[in-house]
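Here's the structure we're looking at; comments come further down.
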């Protein structure tokens with residue numbers, strides 16, 4: 001079923017010639033959304049960072065910034081409501097300030113291939129960014145310093161996803177085409193845990209907001225799997241239903257056992273892994289690969305996504321507007 005209008009109207013912004021790769025709600029400003037996009041499906045051409053605001057009538061473009069290569073991911077600063085970091089096909093990260101019309105403020109160029117993932121740490125007291133690249137490395141950055149602080153090696157294929165633990169300072173996870181999920185500590189040089197999570201490339205991972213030991217992975221095998229870091233021999237759950245690769249997975253900030261996924265099958269799916277029938281809802285409002293997905297930190301019902309069909313959408317799926 002399509003939940004397009006069930007929980008209220010879908011707000012849509014069409015961005016001609018731009019194919020959406022990532023979307024992230026501002027942690028500060030309700031209704032503000034950032035989207036990283038690329039021309040020509042990210043294969044060639046430039047990239048654009050889009051800053052959107054929502055109002056009663058829909059979505060409006062607040063500001064956009066162009067870069068000379070495709071932008072594949074975006075993360076908001078956790079200590080300045082105007083600042084974000086993007087990453088690009090040319091191996092660089094860019095620091096932007098939405099209060100300034102031009103940019104970027106700074107460019108960090110060390111990766112030797114596409115940078116597919118970037119994330120700003122959420123734990124208080126540290127302002128660090130991790131980036132994951134097709135050069136098979138993860139790099140650690142302090143945005144106030146021009147050079148990376150550390151490089152983490154060990155993955156044997158491209159890295160698609162890097163994400164900080166929301167619980168443990170200095171701890172982050174990475175997911176790779178080498179079919180592993182890896183857990184790292186910035187205070188240690190080597191990897192802490194290696195999980196052979198799928199027999200396929202893993203395109204995304206996320207940490208549960210309510211359990212420091214629980215992560216989810218999404219892979220080319222169309223499945224999502226949950227992992228308890230205290231015992232990684234078997235997944236604690238497996239969620240099946242997507243018909244093509246799972247591109248991005250996100251745990252809910254409001255419900256301990258609810259998560260969302262988007263896929264190359266054009267759908268976004270919502271799940272409750274604690275239920276015998278875990279699939280809550282399937283949203284089918286895109287006509288191309290759906291790559292970007294985020295759940296609002298301010299509204300328990302609001303979701304944003306973006307796709308290669310040149311649209312960005314904000315909506316309230318039915319399953320999040322009804323009591324759990």
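Each Cβ is built from the backbone N, Cα and C atoms, and glycine gets one as well.
Here's what TrEMBL has on this protein:
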REPEAT    108-151  repeat 'WD'
REPEAT    152-187  repeat 'WD'
REPEAT    195-231  repeat 'WD'
REPEAT    239-281  repeat 'WD'
(message) Below 8 angstroms Cβ to Cβ, which residues of this chain, lying six or more residues outside the repeat 'WD' (152-187), approach it?
(response) 113-114, 116-123, 125-126, 128, 130-134, 136-140, 193-207, 209, 212, 215, 217, 219, 227, 229
(message) Could you give me three numbers for the repeat 'WD' (239-281), the DSSP helix, strand and coil residue counts?
(response) 0 helix, 21 strand, 22 coil
(message) On average, what pLDDT score does this prediction assign to the repeat 'WD' (108-151)?
(response) 94
(message) How about long-range neighbours of the repeat 'WD' (108-151): same chain, 6 or more residues beyond its ends, C-beta under 8 Å?
(response) 72-79, 83, 85-95, 157-170, 172, 174, 176, 184, 186, 189
